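Written out below as structure tokens is the structure these notes cover.
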Amino acid sequence: MRKDILLPGVAVVGGAAGFLLRRWELSTAFEPDTGLPVAGAPATWALIALTVVVAAVLAVLCRGTHRVFPGGYDEAFGAPNNALYLTVLVAAAFLMAASGLLTFLLYLRHDVTAFSRVLLALMSLVSAACLFVVGKNNYRMEGRGKYSAALLLPSYTCCLWLISAYQARSADPVILDYVYQLFAVIAAVLGTYFTAGFAFERAKVFRASFFSLLGVYFCLVTLADRHDVSMLLLFVAFALYLLATAVLLQYNAARPEGPRMPRRLQPEDTEEIEINREGTPDEG
């Protein structure tokens, strides 16, 4: 079976099952009076077992011989006329923007007071714009992926997100309250980091695929946690972005080696063609 179908299926189906188990855990695995976890709760162990199984399956399926991608990012993530990919990326961009705007609104209403959340909202808006740039480049095969800042900024956003999430939860002694949230953000950091690596001559197909899909799984699981709406939107946005990235990478990695895709003509290329035409004598 094609990995570009099987791998996202494992991440999404596993994430949906993890979401249900997390809801079960939150309702049964904590003492109602103290909020402390109940030792040996079946829901807790079931979710841990599912997480280990999903991570192991993803690791096994992502391993193997991969293409070298001499064309770098633009070859690995080229999506010529792939309307589904572009739709998913645009949806992720709009959700990121909505998350940032909603956080600003909560800040103005004093429902959000942490300055790190305000910075995260700003970075979410910037990352949303970056996704439009990335989607346009990949869809139209513009060849502008090398050294692209638009690929780095979502990773920086996830780094700031990790700091903000830790600050908000650092005083909570019950790690089980927020551990899946942290796992989701950490996986998103690594997934976006290794994806951006393709643009900087550091192509790692296994790592980019594995951590992106693991990020999808954890983002779906933590949707069951008690987040405000802006955070829920951000988790869904990054789940979509990581999913689209992993699927596209696996699809291109499975394609047979062949001639490199022609890049889009630049103005200097057109001028060179005209010069060559002028210098070629007419055939009798």
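Cβ atoms are placed via backbone N, Cα and C, with glycine included.
TrEMBL has this to say about the protein:
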- 274-284: compositional bias 'Basic and acidic residues' (COMPBIAS)
- 259-284: region 'Disordered' (REGION)
- 42-62: transmembrane segment (TRANSMEM)
- 83-108: transmembrane segment (TRANSMEM)
- 114-135: transmembrane segment (TRANSMEM)
- 147-166: transmembrane segment (TRANSMEM)
- 178-198: transmembrane segment (TRANSMEM)
- 205-224: transmembrane segment (TRANSMEM)
- 230-254: transmembrane segment (TRANSMEM)
Do the transmembrane segment (230-254) and the transmembrane segment (42-62) come together with 3 or more C-beta pairs under 8 Å, pairs six or more apart in sequence?
no
Which residues of the same chain, at least 6 past either end of the transmembrane segment (114-135), have a Cβ under 8 Å from a Cβ in it?
85-86, 89-90, 92-94, 96-97, 99-101, 103-104, 107, 145, 148-151, 153-154, 156-157, 160-161, 163-164, 167-168, 230, 234, 237, 241
Determine which residues of the chain contact the transmembrane segment (147-166) at the Cβ level, with the cut-off under 8 Å and only residues 6 or more beyond its ends counted.
73, 114, 116-117, 119-120, 123-124, 126-127, 130-131, 133-134, 137, 178, 181-182, 185-186, 188-189, 192-193, 195-196, 199-200, 234, 238, 241
Close approaches to the transmembrane segment (42-62) from elsewhere in its chain (Cβ under 8 angstroms; 6 or more beyond its ends):
3, 6-7, 10-11, 14-15, 17-18, 21-22, 24-25, 28-29, 176, 205-206, 209-210, 213-214, 217, 221
